[in-house]
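To start, the structure under review is shown below, and the notes come after it.
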Amino acid sequence: MTTLRLLISDSYDPWFNLAVEECIFRQMPATQRVLFLWRNADTVVIGRAQNPWKECNTRRMEEDNVRLARRSSGGGAVFHDLGNTCFTFMAGKPEYDKTISTHIVLAALNSLGVMADASGRNDLVVKTPDGDRKVSGSAYRETKDRGFHHGTLLLNADLSRLANYLNPDKKKLAAKGITSVRSRVANLTKLLPGITHEQVCQAVTEAFFAHYGERVDAEVISPDKTPDLPNFAETFARQSSWEWNFGQAPAFSHLLDERFTWGGVELHFDVEKGVITRAQVFTDSLNPAPLEALAERLQGCLYRADMLQQACEALLVDFPEQEKELRELSAWIAGAVR
């Protein structure tokens, strides 16, 4: 009986793909070796312990319909589009060894005519006339009896967009999370013009089979039919939730300041698990009462643009004469925290 399992996703939904990965990892027999191949449409994927407001330009992501997905492994933030091929290798312990999966990916690249080397703990690099360039980054997760290694291969990713979404706005954001390192990267199409996702998947699959000396048929995972994976619906609901993707952020503080025609405003937030635990306001407005009331109302509020807007607009009942100021304030706060 084979110990290998090969899964290929035909979904571009990052929450779907990460939920599939999580379910397979939790439920696989300890004797199984798994290869899961997938890719995501426009998404910023952050590490388990990262702060999205620090790592990402969340406002631009929202404007461009780019999703945020928090993975279960550590490490930094990356931008995925359909120019990335994603891979996940899973195995039980003691057999799990990320050097084996790294070797398989390097063998796959070699079969395509690309000589790459492992660099540091997480990267694969190729030599170019301009120096070493990263073509793959990885992250890892281990539990008591199993582990996985997942990563991306840059085929034809839009590298300019990568810079757009991973460069946060210059805000006064003092955070305790991990800051991603911006790396020099290159697409494999520079070395192999015309290379496709399907060709790369085939090369990785063949290297996987060759290493273990076995072959299996691929299982295609599709959102058109709910995957036959125990607890998939619950896992997908969690993976796609605001509470997981944003609310798991480490504690951080945020200072917003702006000058309006009616006065200057400074708002100080302390945020834990996506909830405002403390809000302070400073202003030289001649009528500070609405702002003082807002600071009280914001404590316990989710750190989300729509929730902050609701808190501002709720004050219109008590301060109707300040409607113009409150609507200006509401629009500014919502824009500043996106």
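Backbone N, Cα and C define each Cβ position, glycine as well.
Taken from Swiss-Prot, the feature domain 'BPL/LPL catalytic' applies to 29-216, supported by sequence analysis.
Residues annotated as ATP binding site in Swiss-Prot, with sequence analysis given as evidence: Arg71, Gly76, Ala77, Val78, Phe79, Lys134. Taking the Cβ of Arg71 (ATP binding site) as reference, residues of its chain lying under 8 Å away and at least six apart in sequence are, in sequence order, Leu18, Val45, Ile46, Gly47, Arg48, Ala139, His150. Arg71 (ATP binding site) carries neither a helix nor a strand DSSP state and counts as coil.
According to Swiss-Prot, the (R)-lipoate binding site annotation covers Lys134, on the basis of sequence analysis. A simple way to gauge crowding: the CB of Lys134 (ATP binding site) has 18 other CB atoms within 10 angstroms, across all the protein chains here.
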Where does Gly76 (ATP binding site) sit in the DSSP three-state scheme?
coil
For the domain 'BPL/LPL catalytic' (29-216), what's the mean pLDDT in this predicted model?
88
Across all chains shown, how many C-beta atoms besides its own are within 10 angstroms of the C-beta of Ala77 (ATP binding site)?
25
Minimum Cβ neighbour count within 10 Å among the binding-site residues Gly76, Val78, Phe79: which residue?
Gly76
DSSP on Lys134 (ATP binding site), three-state: which is it?
strand
